[in-house]
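Database features, via Swiss-Prot:
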BINDING   D14, D16, D18, T20, E25  Ca(2+) 1 binding site
BINDING   D50, D52, N54, T56, E61  Ca(2+) 2 binding site
BINDING   D87, D89, N91, Y93, E98  Ca(2+) 3 binding site
BINDING   D123, D125, D127, Q129, E134  Ca(2+) 4 binding site
DOMAIN    1-36  domain 'EF-hand 1'
DOMAIN    37-72  domain 'EF-hand 2'
DOMAIN    74-109  domain 'EF-hand 3'
DOMAIN    110-136  domain 'EF-hand 4'
MOD_RES   K109  N6,N6,N6-trimethyllysine
Amino acid sequence: EQIAEFKEAFSLFDKDGDGTITTKELGTVMRSLGQNPTEAELQDMINEVDADGNGTIDFPEFLTMMARKMKDTDSEEEIREAFRVFDKDGNGYISAAELRHVMTNLGEKLTDEEVDEMIREADIDGDGQVNYEEFV
């Protein structure tokens, strides 16, 4: 299950589908998430997990990176920041429209049904949107 999710995330990054993530591809995804990394920062991020030193990240290296990230479970601040990326209007809730917007920016074309399904999965109190507690 987890591996399948990571595979999906990997293909979001791997825009040309060649099985590796370049600094360019990494930059594209990060910018679509509202980050603005420098070329050097992107290179550092890749170097951190680039076990074979070829300058790109392949899927096994990506898994290593994700495992590390999961281990030092994201700081409260990182989680809040991620929430803010989705919560465009800053009202403390992620609506279906906001979720669709971010996913579209990531190159994920989701049907309304898929977006609604994602909201339903996280929406504990049944109000049709996701608040911070539900997001975490």
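Each residue, glycine too, has its Cβ placed from N, Cα and C.
Feature map: annotations from Swiss-Prot on the structure.
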residue	record	DSSP (3 states)
D16	Ca(2+) 1 binding site	coil
E25	Ca(2+) 1 binding site	helix
E61	Ca(2+) 2 binding site	helix
D87	Ca(2+) 3 binding site	coil
K109	N6,N6,N6-trimethyllysine	coil
D123	Ca(2+) 4 binding site	coil
Nonlocal neighbours by CB distance (under 8 Å) for D18 (Ca(2+) 1 binding site), same chain, sequence gap 6 or more: none
Beyond the flanks of the domain 'EF-hand 1' (1-36) by 6 or more, those residues with Cβ under 8 Å of it: 42-43, 45-46, 55-59, 62-63, 66, 85, 102, 105-108
When distances run from the Cα of N54 (Ca(2+) 2 binding site) to each of the binding-site residues D16, E25, N91, Y93, E134, the nearest one: E25
Any further residue of that chain within 8 Å (Cβ to the Cβ centroid of D87, D89, N91, Y93, E98) of the recorded Ca(2+) 3 site: F86, K88, G90, G92, I94, S95, Q129
Distant-in-sequence neighbours of the domain 'EF-hand 4' (110-136), which means Cβ under 8 A and at least six residues beyond its ends: 79-80, 82-83, 86, 92-96, 99-100, 103-104
For the domain 'EF-hand 1' (1-36), the mean pLDDT of the predicted model: 87
Q129 (Ca(2+) 4 binding site) and E98 (Ca(2+) 3 binding site), Cα-Cα, nearest whole angstrom: 10
By Cα-Cα distance, the member of binding-site residues T20, E25, D127, E134 nearest E61 (Ca(2+) 2 binding site): T20
